[in-house]
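Here the structure is laid out as structure tokens; the discussion comes afterwards.
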Amino acid sequence: MKERYPTKKIYVGDVAVGGDAPISVQSMTYSDTRDVAATVEQINRLHFAGADMVRVAVPEMEDALALKAIKEQISLPLIADIHFNYRLALEAAKWVDCIRFNPGNIGEKSRIKEIVKACQERNLPIRVGVNAGSLEKEFDQKYGATAEGMVASAEYNIKFLEDLGFTDIKVSLKASDVDRTVDAYRMLRPKNAYPFHLGVTEAGTIFHATVKSAIGLGALLLDGIGDTMRVSITGELEEEIKVGKAILKDSGRVQEGLNIISCPTCGRIEADLVSAVAEVEKRTAHIKTPMDVSVMGCVVNAIGEAKHADVAIAYGKGSGLVMVKGEVVAKLPEGELVERFVAEVEKFAGENG
């Protein structure tokens, strides 16, 4: 795994993005933003799920005017998502912690100047959010909806902001497929030091979005690219955070929580392994201490994996072993193994957290 690219550190509210800051995970509400109660409820759900910041759509002035009441009731940093109407950004900037605008549909550059001025006055960062499906006409005509087109748009708009004396910038380059998304980020990364917001847009249902995001975001993270990220899922908000954090952990960018090793099901399994692993996941989700644990369903690989795990279950016929650091600490009936295993995990976390 490569070292992370060194990037400029900016702040979205009190959350650092870039530099040596941890890679943050964010999501976006799907409520009508003007419905303050519904939007606050969704933001609080995301906060509870572990989101570091949240973005809301601002399609109309009524939504922009609701941001004050929303901001007063939440503690997560709030990002306003702006398309088409720059005046919405001017109102939103009074209340939020960051403005995202789409350069492909915001219109004349004089409008971007007004957005920059509003953000400068309030020390707000701006995300230049380039989408392959809505490039500016000149870049679309020259490059089409390609990675090259996204990079050209981003470079042009970054320079435009820099020429105005504005450098609290983060950048995103999103397409609905992995290939263009990854190519665009890889092309742009060596050309500037601004933090990158990673994401594959319009990724689909939880199954397809998880696969696309794991491949695309995982590849970029392994390359050392990325400072904040969103997994876009057509589904429940909490799933975006859950998948995003799992990608960060399994790419090695975050050392937190359990790495659960469990065998694929086969004819040798001598226990209800699927239920056991599901229960282990549920009952240990709160643990932040990094550790490797294994839950194995037969003797073929169980002992070998247990030797390398911090805590392990090795199932046999009707009973099994609980092991800590390769040493057997209990031989128990099958129905008692998970309970003892969880107790040993919590003990290990307490001693090593």
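Including glycine, each Cβ sits where the backbone N, Cα and C put it.
There are 21 other Cβ atoms within 10 Å of the Cβ belonging to Glu305 ([4Fe-4S] cluster binding site). Swiss-Prot lists Cys263, Cys266, Cys298, Glu305 with the feature [4Fe-4S] cluster binding site, giving sequence analysis as the kind of evidence.
Sparsest Cβ environment among the binding-site residues Cys263, Cys266, Cys298 (other Cβ atoms counted within 10 Å): Cys266.
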